[in-house]
Amino acid sequence: MVFNWFRRKFGGSGEEPSPAAESPTEVPPAESTASTASPGILNWAKTALQSIQARQQSQRPTTVETTEETQETPTAEPVAADASFPVSTESTETAVAEPAPIQPLVEAEPREPDPPLLLDEGFLWSAAVLAAQGRRPEEVDLEEITWLQRLRQGLGKTRRGLVHQLRAIVGQGPLSRDAVEAIEMLLLQADVGVKATEQIIAALQTKIRQETLPADQAIAYLKEILRDILDRPFQQGYRRNCAPKKGTLNIWLIAGVNGVGKTTTIGKLAHIATQSGYRCLIAAADTFRAAATEQVKIWGQRSNVEVIANPGKNTDPAAVVFDAIGAAQARGTELLLVDTAGRLQNKANLMEELKKIRRIIDKRAGDAQIESLLVLDATLGQNGLRQAQVFAEAAQLTGVILTKLDGTAKGGVALAVVQELGLPIRFIGAGEGIKDLRPFSSFEFVEALLSSDAEVAA
Ligand SMILES: Nc1nc2c(ncn2[C@@H]2O[C@H](COP(=O)(O)OP(=O)(O)OP(=O)(O)O)[C@@H](O)[C@H]2O)c(=O)[nH]1
Ligand SMILES: [Mg+2]
């Protein structure tokens, strides 16, 4: 069975619940928070664990085979048994897809083995988050559990700074002026930004002026406010789901300043695409930096996706995109990922280049589903947002990918991004590994940001 990450169901995604989810086991409704899920969670988690183990058992022969095949290549990811897209070695005029030996141009991907399956606190927390969204334990994928744990870990520092102090402030009756200032300060320190902070405070004040809430309920209400902000673009016309449409060409242009994680993100997206059963292709349209093509080719090898590139020096990136679209159309590719430069001689050149690439896409693939995604480095906080405005005009942005949430980033920047840019966050990255990027869910993000560590165990 192909687990489609792009179409994964999560709370408030607006997707039809699966028939199974309509008669859920003992789980709270999707609107609740993970923290209230404790009573039924242990059973839910046990069932999920057993189902995952049973699936692992039944898939074992395939896994052994692929492991042996890929042993020699430390960067290779076990390929989905049903990744139906064969890597073509045929070259087009500009294709340089021959399996070059892997060069240490990028740091070798950390090959941590999957953590052992334990019914520990992290598993229970992930289970609570999934159950709270109406998910059935039998349908949960192991990678969902590990991803949620990773996200929670990544946001751990921000969460610990926020939650403890917030609880102390909001649990004390109507918000005093001092309390409001203290919350404001906490939010600003978490990189939430001035505008989003103002909104959050206004909403909190209205509620807490009306009734005195115990700390738990006040935090639950705060979570609701944050989810509303993160989901607002969906009220303004953006589709909730950023899944590529099956059976047709989707082109995703990946833009952003240098070093934010564009190429890494392309590799991770290509991995999700093949794992989810899409035919995928990468266009190496960063022709400015000499090593860029090699870097993206390594990611192509890791994700088993062909890379269309032009070996010449200083070649025109728009020409690479032109060729890549031709190749994609000829091969029935469903997702074409376009890597772009993050730095040129100057900013004006970079924007001109992006506009030109965009024009080529519109002209050559008018029928394609186009997403123009801006990659932002979460560790840059508010500085990253200023850069974003410039890109918005040149690349007709449709969404944001927030990377490096595993590092020193303060998770609150996600709220600032949506509030300031009016764009939805589509994916988030929390690590350098191939599995460390997943579709964004406001529900899961807010839980990872604001659930106190004691909640699941309670
Ligand atoms: N910790 C962490 N590092 C990341 C993440 N995403 C990317 N990186 C790292 O960020 C660095 C830059 O990533 P690239 O993908 O090369 O960035 P880029 O935007 O393509 O850079 P240019 O091609 O120079 O414009 C690399 O060392 C990546 O491993 C993430 O989610 N977490
Ligand atoms: Mg790059």
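Going from the start of the chain as shown, residues are counted 1 onward.
Here the Cβ of each residue, glycine as well, is placed from N, Cα and C on the backbone.
Feature annotation from TrEMBL assigns compositional bias 'Basic residues' to 1-10.
The region 'Disordered' annotation in TrEMBL covers 1-98.
For 15-32 (among others), the entry in TrEMBL reads compositional bias 'Low complexity'.
Annotation source TrEMBL lists compositional bias 'Polar residues' at 48-60. Across the compositional bias 'Polar residues' (48-60), DSSP assigns 13 helix, 0 strand, 0 coil.
Per TrEMBL, the feature compositional bias 'Low complexity' maps to 72-81 (among others).
What TrEMBL records for 256-263, 339-343, 403-406 is GTP binding site. Its Cβ placed at the centre, Arg343 (GTP binding site) has 14 other Cβ atoms within 10 Å.
Helix, strand and coil content of the domain 'SRP54-type proteins GTP-binding' (424-437), in residues and according to DSSP, is 0 helix, 6 strand, 8 coil. For 424-437, the entry in TrEMBL reads domain 'SRP54-type proteins GTP-binding'.
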Distance filter, Cβ under 6 Å of ligand 1; input binding-site residues Gly259, Lys262, Thr340; output Gly259, Lys262
Tertiary contacts of the domain 'SRP54-type proteins GTP-binding' (424-437), defined by C-beta under 8 angstroms and 6+ residue spacing from its ends, are 77, 107, 109-110, 112, 143, 146-147, 150-151, 153-154, 230, 233-234, 238, 242, 261, 264-265, 267-269, 271-272, 302-303, 371, 373, 399-406, 414, 417-418, 445
CB < 6 Å to ligand 2, subset of binding-site residues Gly256, Lys262, Thr340, Arg343, Leu405, seq order -> Lys262
For the domain 'SRP54-type proteins GTP-binding' (424-437), the averaged pLDDT of the predicted model is 95
Thr340 (GTP binding site) -> DSSP, reduced to three states, gives strand
With the fewest other Cβ atoms within 10 Å, the residue among the binding-site residues Gly256, Gly259 is Gly259
